[in-house]
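S.K.: Before I ask anything, here is the structure I am working with.
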C-alpha cells in the first residue's frame, strides 16, 4: 500500500508506493494514467469512496461572478474558470468521475448573479442635453399638482414649537379652510398653528424649517404662492429621486459641473428669473432639517412590527421629507409589504380578457390565469412615481397613504387596514379592500404652445450665451499667447538679446497703441525687422453730426500680428448715455419726497438736524458706561502697579495694590455721581461728555 501525498502545484492528492521505484512523487504522469484506467471501469468508480486509488482528486471552486456588466465584458468565460483559490481540496461526487482526465484537473463551477430586472434608483434621473427644457411630462406635472391639491387634513402638525416665536397667525372668518400652495389666496399664516395639516401644508412648512433655508427664501415660502408651489414641485422631484444634483435653472449659469434646463410650466409667468432653486441647494435644504432627520431603517422597523406590535411607536418621530427619502430607498420592501397586498391594477382591456377567458376555459384554468394576470399587472413604487400610465389621482392617493401609515400609525395590520378603509371612503367594520390603480390612455401632461415657445427661446438663448462665453475664452487665450509669444526673426541680432523685459514692454505699448483710434504707423520695433513693409490703410468713416439722442460711433483699427491686416472695430462713445444718467440723477434729487414740498437733500438735512440731540445723548450715555465698566486692571498695568497678568481683582491679594485699586474705583463712583447731579445747562461741567 502506498500513502497519499499532497501535490501543492496541482492542488491534488497523489498516491505514492514505498517499495516501488517506478512510482515517485515527482512523476505524477503515472498516477494520472492509472487514474484514467480506473475511471473507465465502473467498479473503480463505485469503490472510489471506500478505497484509496491513484486517481487525482479534482477541487471544485465556486466562483461568484457579478453579471451586472456582462454585456460590456470582452473576457471569455473560460478565462474566468481558470482561477485557483487557496481552498482546501474537497471530495468529488461520483458524477464527476465519469469524465476522462488527462492530468490533475481543477474544475470551477461558475455561479452567476441574476440581473436586476427592476429599475434602480440611480437610473431614474431625468437626463437631457444642456439647454433642453423639462416639459410637463418630464416632471409629471399633473401628478405633482394632484399631490399638492389634496384637501384632507390628516397629518399632525408637529411644527408648532418651531414657528411659535417667528410667525403671527391670521384668523379666517367662518369655517377653517384648507388652503394649499396651489391656491391663489395662499398664506402660511392661516394654517401654521392648525392641529391637522394637508400634505402640501406639512411639506412646505417642513422645507421652511431647514437650517440651510435663507431668511428671504423662508419668507417667500410662507407668503408667496408662486415660490411655494414651484419650490415644492422641484423639492418633491429631488425627494423621490427624479432630479439629481447637477441641474440648474438659471440661464446664465457658467459652472461646467451643472447643466441648464428650463421648466416652462413654472417659469413662463414668473417675474424673477432666479425663482427656481438649483437642485444641489434643494438637496442641501432637504437634508438639513432641525428635527426628525435621524437615520431610519424600515427593515428593522418592520421586523419589530412583526414580532410585537406594541413596542413600535413611529408616530410623529420623523419628518415627512426624511420618511419619503426612506420609502424610495426601500422600494422593494414597500412593494412586497404594502403595494402587493393593498394595491390592485385595473384596466379595461384586462377586464375584457378575463371575461372571455372565463367563458371559454374551465374554472381551474381561469383561476390560474387570473393569478398570472395579476402578477403580470403588478405595479411597483417606481411605476407609480415615474410613469403616467395610471390616473394621477390614484397615484397621489397611494403615495399620501404610504406616508400616512408611516407617520400617523404604528404600522400594525389593524391600523393599516383601517387606513385603507379611510382612504377608500368605507365605513368602519367594512372589509378593507384594496386601492384601485386605474390605467389611463389620456395624456394629462400636454404642453401648450406658449410653453413650447418659451422652452425653445430659452434653448436658443442658452446656446448664444455659451457661444459668447466660448468666444471670450478664446479671446483670452489668444491674448495670453500673443503676450507670451517670442519675437520672430531669421537671425539673432543684438535686438534679440535685449531681454524679456524690453520685449514685454514693447508688446504692451503696441497693444495700447492699437486700442487708440489714431492712425497706426509702421512699427520700428525688432518684431517687424524681417517682415515685409506694409502700409496700413484705415477705412474711411464719414463723420456724423453728434446729437443728444444718438450715440457717437468712432472706428478704431486693430492690427492682426500675423499678417498686419487691419480689422475695424466699432467703439461706442458713452457721452449721450452719461448725459441721460446726469439728467435722471438731477430729476431724482429735485423730486419732492415729503408733503411740505422738500427735496431729498432738504429732507435728509432736516432728518440729521432732528437726530442731533438723540445722538449726543447716546454719546454721553456710552462714554459714562465705558468709564464706569472699564476694568481697572489694565489701567493699573499701564501705571506699573500690577503685573501683566490681567486677571479679575480679588480682595487681600496684593496688599498695597488692592488698596490702590479700591481707591481708584471709589473715586470713579464719586466722579460719576457729581456728573449725574450736575445741571444739564452747565456746559462747562459736562463738556468732557458732549460733542463739540
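Keep in mind that glycine also has a Cβ here, set from the backbone N, Cα and C atoms.
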S.K.: Where Swiss-Prot marks phosphoserine, which residue is it, choosing among 31, 47, 487?
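M.R.: That would be 487, per the phosphoserine annotation in Swiss-Prot.
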S.K.: Tell me which of 340-385, 386-431, 570-615 corresponds to the coiled coil entry in Swiss-Prot.
M.R.: 340-385
S.K.: With respect to Swiss-Prot, which of the residues 27, 41 bears the note phosphoserine?
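M.R.: Comparing 27, 41 with the record, Swiss-Prot tags 27 as phosphoserine.
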S.K.: Quick one: which of 34, 73, 493 has phosphoserine in Swiss-Prot?
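M.R.: Of 34, 73, 493, Swiss-Prot lists 493 as: phosphoserine.
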S.K.: Out of 43, 504, which one does Swiss-Prot list as phosphoserine?
M.R.: 504
S.K.: If I look at Swiss-Prot, which residue among 23, 446, 507 would I find recorded as phosphothreonine?
M.R.: 507
S.K.: Counting each residue once, how many in the compositional bias 'Basic and acidic residues' (465-485) are helix, strand and coil under DSSP?
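M.R.: Counts, helix then strand then coil: 20 helix, 0 strand, 1 coil.
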